[in-house]
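S.K.: Please read through the structure below; I'll follow up with questions.
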Amino acid sequence: MGSGEPNPAGKKKKYLKAALYVGDLDPDVTEDMLYKKFRPAGPLRFTRICRDPVTRNPLGYGYVNFRFPADAEWALNTMNFDLINGKPFRLMWSQPDDRLRKSGVGNIFIKNLDKSIDNRALFYLFSAFGNILSCKVVCDDNGSKGYAYVHFDSLAAANRAIWHMNGVRLNNRQVYVGRFKFPEERAAEVRTRDRATFTNVFVKNFGEDMDDEKLKEIFSEYGPTESVKVVRDASGKSKGFGFVRYETHEAAQKAVLTLHGKSMNGKVLYVGRAQKKIERLAELRKRFERLRLKEKSRPPGVPIYIKNLDETIDDEKLKDEFSSFGSISRAKVMVEVGQGKGFGVVCFSSFEEATKAVDEMNGRIVGSKPLHVTLGQSRRRW
């Protein structure tokens, strides 16, 4: 079934631990079904379907742990893309140490693929260039989205694939094959390129009474515009932000330099280059990671969230308003361009203090507005 001969030059040794990752699984696949599928390949230690820790719903992947590495290798070489529950699954070596995957070394990106090319076809197309750790065509409910990723176990193999396959026609479509770039890297490239050429300007914090004509009147002073749009909600009410597209980069740049930070109707205007989608996503990832690290290092506490804060309320005033209810470890008003965004958070040392603050402060008028106060989730159980 599988030979016990060593791999030449120790190839795959760092992955070969007798455990396989099984991806693209149907939601109804169980551990028992995995066991029955892979048992003919050799003795198994266990099978596992990974599930959401809260809902216990399957996540679409799992692991098969063999007793002997040779059997795992045989399964990988002969059973990849077999069907289970009518759906082809994807196999790769289980890699508990994900540093190689996160490094991006050996990873390539392919786009403009014909929809008929699936995981199996992609695997066999690129396996000629080296040992493949993982290979995936990105799909949605309508099938292939026309792009894919292949991760080789070495940079040399990835470079060979790029050299030989970039620009090749597959099923009458010329494909692009290049080095995988992390979203942050691609966003930085787009940002650098767009800064010298942008014509689309993002404007926010101008209040609810602004309409397209007023916005155009303000921004047309810096050059001819192609389009001006105030973004509105379903009821037609302004969301307080919009876009201005100029005919030239010079006009757009002049508007940004002149109007950003200016006061308008008592509010500080934000005017900047309109970001591309990839930039916004990269920024959100960074923000989420910063919040995650900040939350991890933050001392335990029971947070309450306060909305509809008066513009005059800062961190100190917020802490003063709530200090009578108990010991506060943190009080923070969220700000943007030096102005409060109308909401904040206060962390108490106990659940009892936090609930008392919610009971007594919710609906109370502070400044000129009634507060909306709710209980958050603590980082540990109390």
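Keep in mind that glycine also has a Cβ here, set from the backbone N, Cα and C atoms.
A TrEMBL annotation is a machine prediction, not a hand-curated record.
So TrEMBL lists the following for this protein:
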type	residues	note
DOMAIN	18-96	domain 'RRM'
DOMAIN	106-182	domain 'RRM'
DOMAIN	199-276	domain 'RRM'
DOMAIN	302-378	domain 'RRM'
S.K.: Under a Cβ pair cut-off of under 8 Å, which of the recorded stretches 18-96, 199-276, 302-378 contacts the domain 'RRM' (106-182) most often?
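M.R.: Comparing 18-96, 199-276, 302-378 against the domain 'RRM' (106-182), the winner is 18-96.
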S.K.: Report yes or no: does the domain 'RRM' (199-276) come within contact of the domain 'RRM' (302-378), defined as 3 or more CB pairs under 8 Å with a sequence separation of 6 or more?
M.R.: yes
S.K.: If you average the pLDDT over the domain 'RRM' (106-182), what number do you get?
M.R.: 91
S.K.: For the domain 'RRM' (106-182), jot down how many residues DSSP puts in helix, in strand and in coil.
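M.R.: Summed by class, the stretch gives 22 helix, 32 strand, 23 coil.
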S.K.: Looking only at the domain 'RRM' (302-378), how are its residues distributed among DSSP helix, strand and coil?
M.R.: 22 helix, 33 strand, 22 coil
S.K.: Give me the DSSP three-state residue breakdown of the domain 'RRM' (199-276), ordered helix, strand, coil.
M.R.: 22 helix, 30 strand, 26 coil
